[in-house]
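Colleague: So Swiss-Prot lists the following for this protein:
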ACT_SITE  Arg166  active site
ACT_SITE  Ser243  active site, proton donor
ACT_SITE  Glu342  active site
DOMAIN    25-194  domain 'FAD-binding PCMH-type'
Amino acid sequence: MTGQELAGAEVEADVALAPLTTLRVGPVARRLITATSTEQLVAALRAPVGRDALILAGGSNVVLADDMSDLTVIRVANSEITVRDGIVRAEAGANWDDVVVTALAHGLGGLECLSGIPGSAGATPVQNVGAYGSEVADTIRRVRLFDRRTGRDDWVTPQDMAFGYRTSVLKHSDHAVVLEVEFALDVGGRSAPLRYGELARALDVEPGGRADPVAVRDAVLALRRGKGMVLDEPDRDTWSVGSFFTNPVVTTAQHERLAAEVDGPVPSYPAPDGVKLAAGWLVEHAGFGKGYPGDDAPARLSTKHALAVTNRGHATTADVIALARTVRDGVRTTFGIELTPEPTLVGCTL
């Protein structure tokens, strides 16, 4: 397999994948194909080698097993971002925060609450990326998908995506690959509604109100930095996939039972199908504080945010999974609540 057969895409052999992920763990790929244009990406996906290849973009929401034999990886690195009539179109490999900055530079509001989230634009619809009261489902206009079963690519609408809390039809699909995403934004330059209390207070705005989008971005970045959620190479608290678990949604009865069993308030938020609990609160109150299990551990909970499982510089995937499993099991034992991993686990399970 050569680059000429893949519209010029670079092909490398025996490439360590750990440096290509924010958690910095993973195997050595037998073959790495880097597609820097949509043409190259489609060519790689249509080639026989691409049918079962692992798709990797920003590497910020994936945990790769330590050993995966005979692995071919297609690295999504197409990165063009264009703006027209309030529509931002981003190729799948575009850096997500660059998409946010581009929107703001054109006076467009709607993405600012999602500032500082690592990863690529193409990953955002897969798990309906969200933070601080916003999610990409609020603004996605359409998504261009390649179907590895048929070799076709088509634009689909949000209605086709079945967006939910940190999920979509793409999250558990091995055949649909995002090529491009379009976002329909506020041409009046208004921010998204500020639904998240901590963010609204930081901006001195009533919950549900709006603010200058640039000011919202600055406030979001400050909050994320305080939790070790903005990538910073020297800061090992940022060597993670962000929040390792999603906030669980429980029934009203479960919430009432939990509130009766603990001292003090239980952070919770209304959800369409129940009550959403703060996973970080559950983790800490199950006995897993920031920095657990201690300084000498290769994988630890972040010292800033107990929901992030971090690599302190020499962890393996096995170390990360073992810690995440301990936390999950501890929360289940303490509260009877099951935490669900937020990142995609490849070749490994909890």
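Including glycine, each Cβ sits where the backbone N, Cα and C put it.
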Colleague: What is the interatomic distance between the Cα atoms of the residue listed as 'active site, proton donor' and Arg166 (active site), given in whole Å?
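Modeller: A Cα-Cα distance of 12 Å.
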Colleague: What does DSSP assign Arg166 (active site), in three states?
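Modeller: Arg166 (active site) sits in coil per DSSP, no helix or strand.
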Colleague: If one looks at the chain holding Glu342 (active site), which residues at least 6 apart in sequence have a CB under 8 angstroms from its CB?
Modeller: Asn61, Gln127, Arg166, Val241, Gly242, Ser243, Phe244, Phe245, Thr246
Colleague: Would you count the other CB atoms within 10 A of the CB of Ser243 (active site, proton donor), including those on all shown protein chains?
Modeller: 23
Colleague: Look up Ser243 (active site, proton donor) in the DSSP assignment and report helix, strand or coil.
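Modeller: Ser243 (active site, proton donor) sits in a strand per DSSP.
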Colleague: If you count Cβ atoms within 10 Å of the Cβ of Arg166 (active site), leaving out that atom itself, what do you get?
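Modeller: Around the Cβ of Arg166 (active site), 18 other Cβ atoms lie within 10 Å.
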Colleague: For the domain 'FAD-binding PCMH-type' (25-194), report the average pLDDT of the model, please.
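Modeller: In the predicted model, the domain 'FAD-binding PCMH-type' (25-194) has a mean pLDDT of 97.
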